[in-house]
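To start, the structure itself, in structure tokens.
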């Protein structure tokens, strides 16, 4: 199926008048924190601040153990093997809504804020984006499908372990930035002491563009491969959001920006809008 969607254009006057609760991003693009239809909560369903990985709770113990396993097992060679295997796109043929319904059976163990089935997050994200950006069809669709790759947890898609599907992502082939959550566990990753991967640039050139960088394997990279190989005409900004919405060291801490090119810089503006509206 080919989806024809116009390329996005950002403009400072894109968003109508919101109340005083607003966030102005770099470049002057306004992101609402509160509208009549959407009120961003201050705490998660466990009574803690969002993305607080240090709060004491049973949920946090599960999350930390998840990141210990992820940081140890997600190596450059592992990701290349997974991209080769899943790049065949031979697991299933289904509609987008059929895929959405599969997420009724998926809970993300890496998420310190949510232990509900993932389909709820997809629908809430798409509706929040539709409310604030009613004319950006491509962004509504991106919000709906951005986490569909979590079907990798299900038997028909390989029944991969949680650490191979969800959680914050990070580049491979260069040094692990200290802004990565639970960074201490990278010391047991086989890439950690590899001289070729231990410098800031590693095997890459500054400004090479993130599309040329190997990112830890998971639902983001899988959906990125699906979207690219199915011949969709989603704009590059949509592919950027799909692949990098879990790359928190980049869009939260500013790490790895030295690998970005000009197109990445423009697309990051849309990702910042997306993450604040969808609370990812």
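Each residue, glycine too, has its Cβ placed from N, Cα and C.
Where the annotation comes from TrEMBL, it is an automatic prediction and has not been curated.
Feature annotation from TrEMBL assigns substrate binding site to 51, 108, 109, 110, 150, 167, 168, 245, 246. For 121, 146, 147, 219, 245, the entry in TrEMBL reads Fe cation binding site.
When the binding-site residues 109, 150, 168 are ranked by how far their Cα is from the Cα of residue 245 (Fe cation binding site), 168 comes first. Neighbouring residues of the recorded Fe cation site, listed in sequence order and excluding 121, 146, 147, 219, 245, comprise 118, 122, 125, 148, 149, 150, 220, 223, 242, 246, 280 (Cβ within 8 Å of the Cβ centroid). For residue 109 (substrate binding site), the Cβ neighbour count at a 10 Å cut-off comes to 20, with all displayed protein chains included. The C-beta environment of residue 246 (substrate binding site), restricted to residues of the same chain at least 6 apart in sequence and closer than 8 Å, consists of 166, 167, 168, 169, 218, 219, 220, 280. Cβ-based neighbour count (10 Å, all protein chains) for residue 121 (Fe cation binding site) stands at 22. Of all the binding-site residues listed here (147, 168), the one with the fewest other CB atoms within 10 A of its own CB is 168. A Cα-Cα distance of 14 Å separates residue 147 (Fe cation binding site) from residue 109 (substrate binding site).
Ranking the binding-site residues 150, 245 by the number of CB atoms within 10 A of their own CB puts 150 at the top.
Taking the C-alpha positions, the distance from residue 146 (Fe cation binding site) to residue 109 (substrate binding site) comes to 17 Å. Neighbour density for residue 219 (Fe cation binding site): within 10 A of its CB lie 27 other CB atoms from the protein chains shown.
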